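Here's the structure we're looking at; comments come further down.
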Amino acid sequence: MAEVWTTPHRTAPVDAVVALPGSKSLTARALVLAALADGPSRLVRPLRARDTDLMAAGLRALGTGIEQDGDDWLVTPGELRGPADVDAGLAGTVLRFLPPVAALATGPVRLDGDPRLHERPNAGLIAGLRDLGVRIDDGGRGRAPFTVHGTGAVRGGAVTVDASESSQVVSGLLLAAARYDAGIDLTVAGSLPSMPHVEMTVRTLAEHGVDVAATERGWRVSPSPIAAVDRVVEPDLSNAAPFLAAALVTAGRVTVRDWPAETTQPGAQLDRLLTAMGAEVRATPAGLQVTGGGRIAPLEADLGAVGELTPVLAALCALADGPSRLTGIAHLRGHETDRLQALDEVLTAVGARVEQLPGGLVIIPGPGRAAQLDSYADHRMVHAAAVLGLAVDGIEVTDPGAVSKTLPDYLDRWAALVDQPAEVGR
Ligand SMILES: O=C(O)C1=C[C@@H](OP(=O)(O)O)[C@@H](O)[C@H](O)C1
Ligand SMILES: C=C(OP(=O)(O)O)C(=O)O
């Protein structure tokens, strides 16, 4: 892939129907629960991208059979065992969902990943697992690399966790907990971002027959087998964000196919958020259709529940006709990069004025100017740069290959959208 990508510039309205591959978050949960289940299962339309391939590789390293059958994955649970090495890459899902599984393995499991993974917060998960009876060597860092010393069983029971830096701490513990001797009675201390993702975990567990109940400040999972379930993975609605944003930027029309009528994906909130920014959003038989009206309205929003939508929304804010204020997103400083800092740098480079709040951004649009931007090894920063590049001529991105994290052919899809075919393929 090119080391520097010149993003396509287009002011004429786009008019396209876009089909997207499966959700990263749903694929990750489906893989983990299939590996812990009481029999084999089939995943139809799983996302095949770096994060989900690393999840599959990690589960294979622990003894799970995962085979490809056409575009499907066939998952056969095996006895979980170490010693094993897990490469989490830069995937928060692997970092937080696999250690609770590794705790059930017989033998040590070492987890490591990209240099930036060493900076991603994980103290809440490590402390929580220790309180449930799991031995972990992390050199006192609270981050990767670390080794989980599985003994084949986890005591489980009551635990209070700090998930203020990532909801994935809660999701990871809940996903494996039915296999713990006493299940889990998890209390959340402090704030919890990304609630839709926790709801996604709870919903997916229930679909696997697990008894999971909300408590006053957390969730309880009863010990039980996890039923094997064949499932079709929904399209990734967070990855729909840049494509739908293109409709606003060019006053065009974009339809994302197979938009689920009901879903726990945070991307469902694009309907509300893009409407607030001036789009007309309609559910059509073909999918969710977004039409831009020529004006992008500024946005005042708490994005704490939908943090992963922030980079694309912030790019739209830089093209809006007034100042925007995005709040509730302090935890984005621990994402693929410090996204508040990265967005400040990128939006400033293209001519906006940005004020960083401790947990948010104020974005004041300015006259656009050409700039070479970094990807910060962050797929969603590439998406944001592409949205800016539609409106501002001369936007380049170094290291655009970061998109492989969740949508490896993003650059081709984006080029197809901008070059104006009717259909941008699956
Ligand atoms: O559970 C999940 O699949 C995710 C939860 C969220 O993590 P944080 O709560 O760390 O933001 C989200 O940003 C991430 O992309 C996926
Ligand atoms: C924050 C994200 O990913 P991760 O699952 O690695 O935390 C993201 O995809 O925006």
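Just so you know, the numbers here start at 1 and follow the chain as drawn.
Cβ coordinates are placed from backbone N, Cα and C, and glycine is handled just like the others.
Keep in mind that what you see is a predicted model, and the values were worked out from it rather than measured.
Annotated 3-phosphoshikimate-binding residues in TrEMBL are K24, S25, R29, S166, S167, Q168, E308, H335, and among S194, S222, S375 the one listed with them is S194.
For the recorded site, S167 (3-phosphoshikimate binding site), the DSSP three-state label reads coil.
Nearest Cα neighbour of K24 (phosphoenolpyruvate binding site) among the listed recorded positions (S167, S194, E308, H335): E308. The recorded positions close to G92 (phosphoenolpyruvate binding site), defined as a CA atom within 10 A of its CA, are H335 out of R29, S194, E308, H335.
The 6 Å Cβ screen around ligand 1 retains nothing from the binding-site residues R29, R120, K405.
Measuring Cα to Cα from R380 (phosphoenolpyruvate binding site), the recorded positions that fall within 10 Å are E308, out of S167, S194, E308.
Candidates R29, S194, E308, H335 (recorded positions) were compared with Q168 (phosphoenolpyruvate binding site); those inside 10 Å Cα-Cα are S194.
Among the recorded positions G92, R120, E308, H335, R380, K405, the residues whose Cβ sits under 6 Å from any atom of ligand 2 are G92, E308, H335, R380.
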